Amino acid sequence: MPDHTHDHQPAPAPGQPHDHAHDHAHAHAHAHDDAVAQARGHIAAPTRSLRLGVAGPVGTGKSSLIALVCRELSGELALGVITNDIYTDEDARFLRSAGVLDPERIRAVETGACPHTAIRDDVTANLLAVEDLEEDFAPLDVVLVESGGDNLTATFSPALVDAQIFVLDVAGGGDVARKGGPGIGRADLLVVNKTDLAPYVGVDVPQMVADATTARDGRPVLALSRHDAASVEALKDWVRVMLAAHRAGAHVPQDPGPMAPHFHADEDHPAGGILHSHA
Ligand SMILES: Nc1nc2c(ncn2[C@@H]2O[C@H](COP(=O)(O)OP(=O)(O)OP(=O)(O)O)[C@@H](O)[C@H]2O)c(=O)[nH]1
Ligand SMILES: [Mg+2]
């Protein structure tokens, strides 16, 4: 397998030379980008899509958030979606059936036992899927990558995504935001989702947002419900601002940090599962 890891240095200033020590696929993509930039008379910041990861525990609303972004922004931006499921392409099928984006722009990567590996340790399958999508539908503005839903520890490698959203929901309880973890603490955006359900589960949303903001040293937290138009607008604005920063070379992809050791149920494994970490 070719090594698809590549560093995400800040984009070079216009006219500055930059390092092309990537693998062949990236070199190809960059050569194309550079040709486009040179045709416009300058070497610009990255012209490929903003690759935006969406991670978070099972059922917090990652697919729904992606569907929302597609429904709200596909008229304005050229979008693509990659989903990661452990054994199925269920998330991709859900998104295709939502009818919010051309079904061909939604592709699934099946990750095998550990969804974390595919978004963090060996991102090759995901990178190839993203690059194929970018090539087939060029030029794309944003490619959204959904991680396999798992627990609180999943984060994307900055070799795969430029920015990442971590999704919690109020139904998981108000305490979750205080418990921290790399995604909660350092994702580019933390979403506290399904705020419409807060009265039913006894969660104080402003308090949960305040706790999360403290856990994140002031990084942004968005209280979201698909039924709350103002919160949907705020999500759209965040995506627009991140895309503008990416295009300007002003956004440096961050690594939220390694995942904690965790356990996967696995019927094929003699001990019934695998405890491992991705440090
Ligand atoms: N009330 C309410 N329900 C929501 C909202 N967003 C998502 N949901 C529901 O939450 C459930 C899970 O949503 P998904 O988008 O499938 O969650 P997910 O994180 O992609 O799930 P996995 O991929 O299985 O981990 C679904 O029943 C959604 O309809 C919301 O804003 N409000
Ligand atoms: Mg999903």
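Placed from the backbone N, Cα and C atoms, the Cβ positions cover glycine too.
A quick note: this is a predicted structure, and the numbers were derived from the prediction, not measured.
The annotation region 'Disordered' is assigned in TrEMBL to 1-41 (among others).
Per TrEMBL, the feature compositional bias 'Basic and acidic residues' maps to 17-35.
Residues or ranges marked as domain 'CobW/HypB/UreG nucleotide-binding' by TrEMBL: 53-221.
Neighbour count (other Cβ atoms within 10 Å of the Cβ, all protein chains): 10 for Val58 (GTP binding site). DSSP assigns Val58 (GTP binding site) to coil in the three-state reduction, placing it in neither a helix nor a strand. The GTP binding site annotation in TrEMBL covers Gly56, Pro57, Val58, Gly59, Thr60, Gly61, Lys62, Ser63.
What TrEMBL lists as region 'Disordered' is 254-279 (among others).
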Notebook entry, point to check: Just checking: which of the binding-site residues Gly56, Gly59, Thr60, Lys62, Ser63 have a C-beta under 6 Å from ligand 2?
Noted result: Lys62, Ser63
Notebook entry, point to check: Any idea what the model's mean pLDDT is for the domain 'CobW/HypB/UreG nucleotide-binding' (53-221)?
Noted result: 93
Next item on the list: Sort out the sequence-distant neighbours of Gly59 (GTP binding site) for me: same chain, 6+ apart, CB within less than 8 Å of its CB, listed by position.
Entry: Gly149, Asp169
Check: Within 10 Å of the Cβ of Lys62 (GTP binding site), how many other Cβ atoms are there?
Finding: 27
Item checked: Those residues of the chain, 6+ apart, with a Cβ under 8 Å from that of Gly61 (GTP binding site) -> Val167, Asp169, Val191, Asn193, Lys194
